[in-house]
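Report on the structure given below.
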Amino acid sequence: MALFHIARYAGPEAAGQGDTDAEAGSRARVLLERLQNRARERQQREPELETTGTAGEGEAAAAGKRRRRPRRRRRVSGSATPNSEAPRAKRRKADKDVDAGRGEEAPEELSAGAEDPGANPQEDVQRPPAPGRVLGDFARRKTPKVQPFLPAWLAKPSCVKKSVTEDLTPIEDIPEVHPDLQKQLRANGITSYFPVQAAVIPALLESADHGFLIGRGGYQPSDLCVSAPTGSGKTLAFVIPVVQALLHRVVCHIRALVVLPTKELAQQVSKVFNIYTDTTPLRVALVTGQKSLAKEQESLVQKTADGFRCLADIVVATPGRLVDHIDQTPGFSLQQLRFLIIDEADRMIDSMHQSWLPRVVAAAFYSEGPTGSCALLQRTQPQALTAASTCVPQMPLQKLLFSATLTQDPEKLQRLGLYQPRLFSTRLGQQSPKDTAEVDENSGKYTFPVGLTHHYVPCRLSSKPLIVLHLVLRMSCSRALCFTNSRENSHRLYLLAQAFGGVSVAEFSSRYGPGQRKKILKQFEQGKIQLLISTDATARGIDVQGVELVINYDAPQYLRTYVHRVGRTARAGKTGQAFTLLLKVQERKFLQMVSEAGVPELTHHEIPRKLLQPLVARYETALSQLEKTVKEEQKLKAA
């Protein structure tokens, strides 16, 4: 069998000079002489130095062994030795190579050690430089938060103060408001404007200072976006300027269109418009689908011998019903539309798949051609601002967006086609990197009413209904609002609370028709209903006076949902409390979510078992009755 000669790697210097046996032996003898000299010198030292040196030599030898191990490489030569002495020569060769490798490690350091007898052997042997960068030898730095790159109008909004109890503006301080409207405000018990109203009303009145037919200087006014907490008076902020701008109209046309996501919210806004147009010739129409299409058509247009006559100046509508009238109502025209108001704008943007906004804009800029009626007053789609485009003034279409959770996503806002928009916000604008560290830690993504207190209650799934009943009974609230994530949960909780007794309870969901929901809300406002169990249908913009307590029976899945739910209380400067029932698996995610929302303080509210014990007997009886009721309802559905 042929045997292969394996050469050992003896370091870069040996590799460069050639691994010959003579050279390796010479280096080994030199190294041996140096080591013998060093040993004799150590014997002459004092005992304590000898002890120290011996320990250091052992550590150096151990370190040398650890270094040598990874440096060994196996290299197969191409020649074979046929004689029987090859294995023995191979071993001798390997030993010599190892000794040579030791001599090549650091000859300068060893010679320095021989010249300095008092040197520490640990310092003589230096570690080879690391082949790569060593990670971990750096201090941890706080990573600066990356600021989003936003358009200028989003990054630098017009800041509005938050407090609706301290930062009030007397109505006399805004003389631009018409005296008749000021008188109407006082008649409704309003003597001061909230911060949002004091900022937005003058801006809107300025855009209509020369009438609603043309903008300031003949140019199109900027669109306005308002982001403010729930209960801060956003509705009145657009009702007052719109009514004042249309006070002196001569011919009745649809000049203002308010689009809202729900029927209940549309009813509420229509009610506010009716209050402030009661003493004016302006007419308000509600288009939500609560009445038949024919009935709504009668309130919008009237057929005459010459064609159709418009009967409404202000239309409050939901998106679906509005599109129905655009398609199916003869004489329904938006060509004279001056104000397009989108309330709860974030939700309306999410419903853009219905394509209601492009339909409205197309109807507003519809042209009958040069031979049509009022051809001189017909307007065209907005284009680039040039000298030619300003020669013929036309009535602008101004868009007004209002929401408590207005998105800052430029991609979503781009769908609205805003013209030189201006943002009013209670949140801080985008800060420079230098100012970011100085921003208050509580200034988060959204703002909340000042008088609102936030709590979370850890609990088990089986005890959630019992905790709801305990909170309502112990706090003695005249009006409490409880939110669930589904219609089924709302219905079962309603049946359980009804079987438990002691609480006047009602259910508010899509299970009931518009007429029934309106009746339930009215009874709740009058105090006839103590606990209203609802889905998120009432979480958007519904202003129910006197709600003292909001309970999240099911934890909200999204941040915006939480903002709108808890915003049903602590409205218009009043105080309120919000409790969220959390399972153990929900706590971490929920707490992280609300911390990003800018909640000032979330209180941990633990309910001891002994406080729930007196209610357990009635609760178990109600559970058994609930089971029977659910079975009966299932039989009725199956029948």
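These residue numbers are counts, starting from 1, taken along the chain as shown.
Heads up, the Cβ atoms here are built off N, Cα and C, so glycines get one too.
Feature annotations, reproduced from Swiss-Prot:
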- ALA228, PRO229, THR230, GLY231, SER232, GLY233, LYS234, THR235: ATP binding site (BINDING)
- 24-48: compositional bias 'Basic and acidic residues' (COMPBIAS)
- 64-76: compositional bias 'Basic residues' (COMPBIAS)
- 94-105: compositional bias 'Basic and acidic residues' (COMPBIAS)
- 215-424: domain 'Helicase ATP-binding' (DOMAIN)
- 467-615: domain 'Helicase C-terminal' (DOMAIN)
- ALA2: N-acetylalanine (MOD_RES)
- SER79: phosphoserine (MOD_RES)
- SER432: phosphoserine (MOD_RES)
- 1-131: region 'Disordered' (REGION)
- 193-201: motif 'Q motif' (MOTIF)
- 343-346: motif 'DEAD box' (MOTIF)
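Residues belonging to the domain 'Helicase ATP-binding' (215-424) score a mean pLDDT of 89 in the model. Shown are the binding-site residues PRO229, GLY233; the one with the most C-beta atoms within 10 angstroms of its own C-beta is PRO229. Annotation note: SER232 (ATP binding site) sits in a coil segment as assigned by DSSP. Residue environment of SER232 (ATP binding site) contains 27 other Cβ atoms, counted within 10 Å of its Cβ in all protein chains. Most Cβ neighbours within 10 Å, among the binding-site residues THR230, THR235: THR230 holds that distinction in the structure as shown. There are 24 other CB atoms within 10 A of the CB of GLY231 (ATP binding site), with all protein chains counted. Residues ALA228, PRO229, THR230, GLY231, SER232, GLY233, LYS234, THR235 make up the record's ATP site, and a Cβ search at 8 Å around their centroid adds PHE194, VAL196, ALA404, ARG571 from the same chain. The Cβ neighbour count for LYS234 (ATP binding site), using a 10 Å radius over every protein chain in view, is 24.
Counted with DSSP, the motif 'Q motif' (193-201) comes out as 7 helix, 1 strand, 1 coil. Counting Cβ atoms from all protein chains shown, ALA228 (ATP binding site) has 27 others lying within 10 Å of its own Cβ.
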